[in-house]
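Chemist: The following block contains the structure, expressed as structure tokens.
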Amino acid sequence: MNPNQILENLKKELSENEYENYIAILKFNEKQSKADFLVFNAPNELLAKFIQTKYGKKISHFYEVQSGNKASVLIQAQSAKQSSKSTKIDIAHIKAQSTILNPSFTFESFVVGDSNKYAYGACKAISQKDKLGKLYNPIFIYGPTGLGKTHLLQAVGNASLEMGKKVIYATSENFINDFTSNLKNGSLDKFHEKYRNCDVLLIDDVQFLGKTDKIQEEFFFIFNEIKNNDGQIIMTSDNPPNMLKGITERLKSRFAHGIIADITPPQLDTKIAIIRKKCEFNDINLSNDIINYIATSLGDNIREIEGIIISLNAYATILGQEITLELAKSVMKDHIKEKKENITIDDILSLVCKEFNIKPSDVKSNKKTQNIVTARRIVIYLARALTALTMPQLANYFEMKDHTAISHNVKKITEMIENDGSLKAKIEELKNKILVKSQS
């Protein structure tokens, strides 16, 4: 059956808006497709990722039901600016993977900053024929969700595929499901052959392997065999090896026997660079005001930021209007409200006072000592950025005459930030600590 006809038939399963906005825009890529591997092009990377996540399995299932044939489905970006490298990947190698790699996850599309440069450097260094499996092995990347761990993992995978290597990328859930399914079907030999005979093993969210001893035993032997054969192993997790719960000591020891690299929340300039990169790659035009608003109003989860950009682009496309700051504020209001409800000014005051080693009562007083004034202005600045408090409410909190005093303090601290890089970094560090605490 013609894959385009499959998409047409999906009309019956989806709402009219869903179909028109996310399915009708897909174009079947006959050149890259095979009998059991269907490739569809979407207008840009963000839409491709969204459609792959939400509708990829549905399209695959619908194709099997209608045609009687099984096929994996890949939704990829069709863009003039898309790296030519992402189109050079051999389909035969892609089919060997547990989960299809996202071709847009490359080193070129990864934004490097102080928060991730060590992890990036380690992954980039081993992505060469004479280094793979030999230089740093294994590599263990850890950090909060949504900061780019999967991007780096798959960047290594895509680079390895271009070198003709056999790559297995799997989440812990994929690995566990593979094992359970093959155990049930009496085909563990097939499972062992798949995982042990690869050149590069990429495991996402390795912390979830700690469900049963049998799963960990299987992974232990697979890990050792790949390592002994000079295969490359890279894993991601939310915590470093020594803090993984439910994982055996011998596995923790293997995980730590290489490079351990953390990824921390990005600073403001890195967040802005990430937003610009996403917009440039997808031909989406956002003004500096909108980019700065997104960067300062949202947390550090890059996937959430991408989701906002997708939503803005979708709103503008569907409504046929320009993306304005007002539209951005409207689209983002629920996200910002949810975050701000978790943060109080008392939380901010407590953290800033601890940092400056001063009393909260001094900051709330009218004392004019320089360090107290600076701390007070930082609290006001962060409260404006991270809470829903209005200027009059802040004036009341600090027992100031009216909101113009708050406005004056915001202006002064903004000027100080522009002229003092170390102060800017300190405020960004405080902001990240507050956001991380609010999400825990």
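Just so you know, glycine gets a Cβ as well, placed from its N, Cα and C.
Note that the structure is predicted; figures quoted are calculated from it, not measured.
The following feature annotations were taken from Swiss-Prot:
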BINDING   G146, G148, K149, T150  ATP binding site
REGION    1-75  region 'Domain I, interacts with DnaA modulators'
REGION    75-99  region 'Domain II'
REGION    317-440  region 'Domain IV, binds dsDNA'
Chemist: Centre the Cβ atoms of G146, G148, K149, T150, go out 8 Å, and tell me which other residues of that chain have a Cβ in range of the ATP site.
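Modeler: Output for this site, in sequence order: G143, T145, L147, H151, L152, T236, I263, I302, R303.
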Chemist: Report the same-chain neighbours of G146 (ATP binding site): residues 6+ apart in sequence with Cβ closer than 8 Å to its Cβ, ordered by sequence.
Modeler: D300, N301, I302, R303, E304
Chemist: Specify the secondary structure state of K149 (ATP binding site) as given by DSSP, simplified to three classes.
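Modeler: In three-state terms, K149 (ATP binding site) counts as helix.
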Chemist: What's the most sparsely packed of the binding-site residues G148, K149, T150, counting other C-beta atoms within 10 A?
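Modeler: Candidates: the binding-site residues G148, K149, T150. Fewest Cβ atoms within 10 Å: T150.
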Chemist: Count up the helix, strand and coil residues in the region 'Domain I, interacts with DnaA modulators' (1-75) according to DSSP, in that order.
Modeler: 41 helix, 13 strand, 21 coil
Chemist: Please count the residues of the region 'Domain IV, binds dsDNA' (317-440) that DSSP assigns to helix (H, G, I), strand (E, B) and coil.
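Modeler: The counts are 96 helix, 0 strand, 28 coil.
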Chemist: Along the region 'Domain IV, binds dsDNA' (317-440), what average pLDDT does this model show?
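Modeler: A mean pLDDT of 86 is what the model gives the region 'Domain IV, binds dsDNA' (317-440).
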